[in-house]
Every structure is written in C-alpha cells, then in structure tokens.
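Trainee: I am attaching a structure below and will ask some questions about it afterwards.
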Amino acid sequence: MYTEESLDNLRHSIDIVDVLSEHIHLKRSGATYKACCPFHTEKTPSFIVNPAGAHYHCFGCGAHGDAIGFLMQHLGYSFTEAILVLSKKFQVDLVLQPKDSGYTPPQGLKEELRHINSEAETFFRYCLYHLPEARHALQYLYHRGFSPDTIDRFHLGYGPEQSLFLQAMEERKISQEQLHTAGFFGNKWFLFARRIIFPVHDALGHTIGFSARKFLENSQGGKYVNTPETPIFKKSRILFGLNFSRRRIAKEKKVILVEGQADCLQMIDSGFNCTVAAQGTAFTEEHVKELSKLGVLKVFLLFDSDEAGNKAALRVGDLCQTAQMSVFVCKLPQGHDPDSFLMQRGSSGLIALLEQSQDYLTFLISEKMSSYPKFGPREKALLVEEAIRQIKHWGSPILVYEHLKQLASLMMVPEDMVLSLANPQVTAEPQNIPIKQKVPKIHPHIVMETDILRCMLFCGSNTKILYTAQFYFVPEDFKHPECRKLFAFMISYYEKYRKNVPFDEACQVLSDSQILQLLTKRRLNTEALDTIFVQSLQKMADRRWREQCKPLSLNQNIQDKKLEILEDYVQLRKDRTIITLLDPESELIP
C-alpha cells in the first residue's frame with residue numbers, strides 16, 4: 001500500500017469544506033459549517049463540518065468522519081478509490097511502500113469499470129476526428145452549434161463499427177467479457193455503433209458510462225442509446241452535466257432541467273452552467289434527492305413544447321414541488337428545443353424567456369383545462385378537487401395554504417370554499433346543515449305598494465289613512481294584481497262600513513303567498529305609521545306622474561298636454577298637505 005507519510009500529507013492537504021460542498025449545501029455558522037445531513041432525512045440542519053479539525057459530525061444520526069470517510073460513505077467508494085480521487089483533486093503524490101515497489105494495488109470492480117470507460121472515451125474521441133465515416137457526425141455537431149473547443153471540452157466522440165471497437169479495446173488489454181460487464185453490448189451487438197458519443201461523468205469527473213445519439217435519420221433505434229445499469233452507472237441517480245454545474249447549483253440554489261444531453265451541454269457552454277438532464281430514464285425521486293442535497297430551492301423546467309414535453313413537465317414539476325422546491329416552466333416556441341433556440345436567439349434571448357416562465361401551478365391549471373374537450377362547471381369542480389389533492393403534498397402547511405389561495409384565484413372560486421375542500425371539518429355526529437334557499441328578488445314597486453297596504457291594514461281606528469288612500473288612489477294605480485285586488489277590497493269595505501276590514505278577511509282575498517309574507521313578516525313601526533304612509537303615498541304619486549309624462553315629447557303640438565299634466569302634478573303635491581294633518585311634525589311640501 002501507500003506510505004503513511006504520503007497519506008498524512010494527503011490528509012493535511014485536503015480542504016474538507018471544498019470536498020463536501022460539491023455534494024451538499026453548506027452554510028457558514030461561525031467557525032463551522034452546517035447542512036442537512038445527507039445520511040438521514042431531516043429538515044433542521046444537524047450536520048456540522050469543522051474545517052479546523054477536518055471532520056464532520058451529525059448530531060442527528062451520529063455520522064462522523066473526514067473527507068475520505070465521506071466519499072466512502074456517501075458515494076460508496078473504497079478506501080483506495082477515495083484517496084486516489086482526493087490525491088488527484090489536491091495534486092498530492094501517493095508513494096507506494098518499498099515492499100510494494102513495481103506492484104500495482106489490486107483494483108476493485110468499480111475502479112476497473114472506470115478504467116475501461118476512460119479507455120473507451122479516449123478511443124471514441126480519436127474516432128470523431130480521424131475516421132472518414134465520422135465526418136458526417138462532425139458536420140452534424142458543427143451544424144448544431146458545437147465548436148471544436150466545445151467538442152473537446154465535453155470529450156465528445158464517435159462510435160465506430162463493432163469490429164474496429166473490439167480491435168481497439170483488445171490492444172488495450174480489455175476483453176470482450178469486460179466490455180459486456182461495462183455495458184457496451186446489448187444482445188451481443190455493440191450499442192454505440194455509428195452514433196455520436198456523449199460521455200457521462202460522476203460528480204468527481206470519472207467516466208462512468210455513455211449516451212449515444214443517432215445523427216442519421218436512417219439509423220436504427222431510438223434517438224439516444226444509454227449504458228445499461230452497471231455497478232457504477234445508476235441511471236435513477238445520475239444527472240447528466242452535474243460535474244460541470246455542481247458548484248453553481250450549490251451556490252445559487254437553482255437548477256435548469258432539460259431533456260437531452262446535447263441541450264444540456266449547449267446550455268452549459270453558453271454560460272448556463274447550472275443545467276442538468278436526467279440520464280436515459282424518466283426523472284425520479286432519486287434525482288430530486290440529488291438536487292435536494294445541493295440545497296436547490298428553485299427549478300426551471302426547459303422542455304420541448306410538445307405533448308410529451310408538457311407531460312414530462314407536469315410529472316417532474318410535481319416531484320420537485322413535493323420536495324418543497326419552487327418550480328417554473330419555461331415555454332419554448334413550437335418546434336424549438338433549448339439547443340436550437342440558443343442558436344437562433346442567443347443567451348440574451350434565453351434569459352428573457354426564462355424570466356417569462358410560468359409558476360408550476362399556473363402551468364398545471366392551464367394544461368389540465370386544455371385537456372378537456374369542453375370546460376364547464378362540472379369539469380371545473382373536478383379540476384379544483386384534483387389540484388387540491390396534488391397541492392396537499394407540496395411541503396409545509398404554509399406552502400400548501402399559499403398554493404390553495406393561488407388555486408382559488410386561478411379558478412375564480414372563493415378562497416374559503418377551496419380551503420374547506422382541502423380541510424373538511426370532521427364532527428362526531430352528522431349535523432343538519434340548513435340549506436339556504438334562493439330568495440326571489442322583490443321589485444321595488446311591490447315593496448312600495450305593500451307598504452301602503454300594510455299601513456291601511458294595521459291602522460286600527462285611524463280611518464284618516466283609509467280616507468286619504470281612497471281620495472288619492474284608485475285600484476288601477478297598483479301594478480301587482482294581488483295588491484290591486486286587496487286595495488279594492490279594503491276601500492270597498494271602508495266605503496260600506498266606514499271602518500277597517502278585519503285582518504283575517506283581508507288575508508282570504510290574497511292567493512299569492514309572497515304578498516302575504518311582505519304584509520305580515522316585515523316589521524312595521526306603528527308609532528311612525530302616519531309618516532310611513534305619507535312617504536309611501538308620495539312615492540306612488542311620483543311614479544304615477546312619471547308614467548303619465550313618459551309617452552310625451554317636447555313637440556309643440558303636445559306641449560299644452562304636458563303642461564296640463566304638470567299642473568295636475570303640482571296640484572297633487574299641494575293636496576298632500578291634507579295628509580300632513582295626520583302628523584304635525586312632518587312637512588311634505590317643501
């Protein structure tokens with residue numbers, strides 16, 4: 001093994017904050033740093049990193065160690081793998097012990113697979129520039145906006161025919177069996193033949209697999225072919241481009257998610273080095289956990305604006321919202337992907353597009369509404385209930401509450417209704433809830449007419465009210481047929497008996513329950529009965545005069561008729577002074 005002196009030299013050279021900050025989001029707290037522990041689920045940070053002591057400790061689960069131990073525990077590295085990674089990072093030479101001189105330490109399977117992938121990557125890069133048949137792949141990359149510097153930066157390559165690949169690997173002492181273990185073959189055939197190769201790296205830059213894109217329309221298979229699952233290639237956890245974007249993501253707590261590897265690399269190369277893509281499979285909860293470890297709070301979804309892209313945005317957005325991340329959906333113009341949009345509009349155009357992103361809930365409602373052939377009240381109710389069920393899983397109660405309020409605003413329904421649907425009150429026994437019936441709207445004319453009739457009906461021995469009503473009005477002045485019928489009956493009774501009609505006899509005249517309720521249910525101030533009666537008479541007289549004037553115009557040939565009506569109205573107002581005798585404190589004529 002390596003000498004103790006060289007290992008001590010490595011330990012003293014390691015900056016533990018630098019190492020751990022590439023994997024978790026650290027926040028300074030005095031002389032130490034704290035974070036949510038990556039080894040157990042927690043919301044309050046209990047994971048403390050001590051730079052002076054070069055160690056970490058979690059007060060929640062008890063995890064403890066140095067940078068070497070962190071890589072072993074967090075990434076599953078062996079001790080040898082961890083020290084080799086760190087020695088490369090901090091440029092420290094590890095010295096073999098004398099007895100091991102000329103002896104290569106035994107390699108584990110993971111290290112062997114990384115070595116095979118590294119050799120294959122080097123060969124693929126060579127093929128892209130030197131094989132005649134690769135010129136079409138190179139032209140395709142240039143056409144997509146990849147410069148030679150970009151191609152070199154991301155180690156892009158070309159997959160040759162199977163026979164040439166096997167020959168090259170054999171020269172490097174790599175057997176076909178080892179290539180099968182590393183995931184280069186499916187059903188005995190080389191997976192990446194005649195395709196552009198995108199190497200996939202882990203967080204520390206090791207080549208752990210490949211994604212191969214076809215560039216000729218007549219090529220067989222899907223657009224992308226990926227390395228199958230291997231001991232070092234776990235698609236459910238790998239975020240393509242993370243080795244280039246990790247630092248900025250952890251620093252700014254935001255990430256841009258795209259669908260394809262080419263899109264991801266073009267985004268990073270254009271300055272958006274907080275971009276990643278899911279590797280070959282659908283975006284999963286494991287991917288979300290990887291982002292959570294970096295402290296991501298804001299997620300921008302930059303997917304193709306087709307049906308598949310929108311469905312992916314709905315699913316991925318919900319996963320991120322559930323992890324208490326704020327999700328925004330950026331809508332690309334139809335027919336564009338991030339790569340083509342950058343080529344046409346440039347970085348400034350994409351920045352402007354990102355600034356116009358919709359929040360996830362607005363996008364969700366818009367997509368769901370458009371999925372209905374017809375969107376009516378029933379569909380609206382179903383959509384609100386579906387959205388509520390989804391929102392209730394989005395993190396803390398406060399976040400859920402705020403999203404429910406936003407839902408109410410988007411769907412134009414009362415907030416209290418949405419909140420009650422989300423949190424129904426459960427009682428021990430069912431209660432009879434009174435159902436409020438819709439109260440028919442009552443016309444003001446009916447109210448005025450029933451006010452006059454109420455005064456007449458409840459005037460008792462005050463026959464002056466009956467006399468005044470008889471003097472000023474006739475049954476035809478009442479518009480409602482029931483009011484007209486009752487007024488005629490009461491005046492007829494008064495003229496015959498010189499007294500008020502008994503209440504029960506008056507009720508028998510009515511067949512409309514609404515009029516009877518207006519006469520009996522509404523409160524009547526009997527002490528101000530005379531005033532109420534006079535005011536109601538005045539309203540009735542004004543209505544009658546307006547109706548008489550309505551058909552008239554200002555034409556000269558009818559001017560005399562209009563003046564005649566006006567004289568009648570003035571006389572009518574003068575005649576009201578008779579009513580004021582009933583109430584000395586009231587002056588009806590100004």
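Cβ coordinates are placed from backbone N, Cα and C, and glycine is handled just like the others.
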Trainee: Between 37-61, 412-436, 437-461, which stretch does Swiss-Prot give the note zinc finger?
Mentor: 37-61
Trainee: Need one number: mean pLDDT over the domain 'Toprim' (253-333).
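Mentor: Mean pLDDT, the domain 'Toprim' (253-333): 90.
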Trainee: When the domain 'Toprim' (253-333) is classified with DSSP, how many of its residues are helical, how many are strand and how many are coil?
Mentor: 34 helix, 17 strand, 30 coil
Trainee: Quick one: pull the CA-CA distance for Asp306 (Mg(2+) 2 binding site) versus Glu259 (Mg(2+) 1 binding site), whole Å only.
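Mentor: Their Cα atoms are separated by 12 Å.
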Trainee: Here the binding-site residues are Glu259, Asp304, Asp306; which one has the lowest number of other Cβ atoms no more than 10 Å from its Cβ?
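Mentor: The binding-site residues Glu259, Asp304, Asp306 were compared, and Asp306 has the fewest Cβ atoms within 10 Å.
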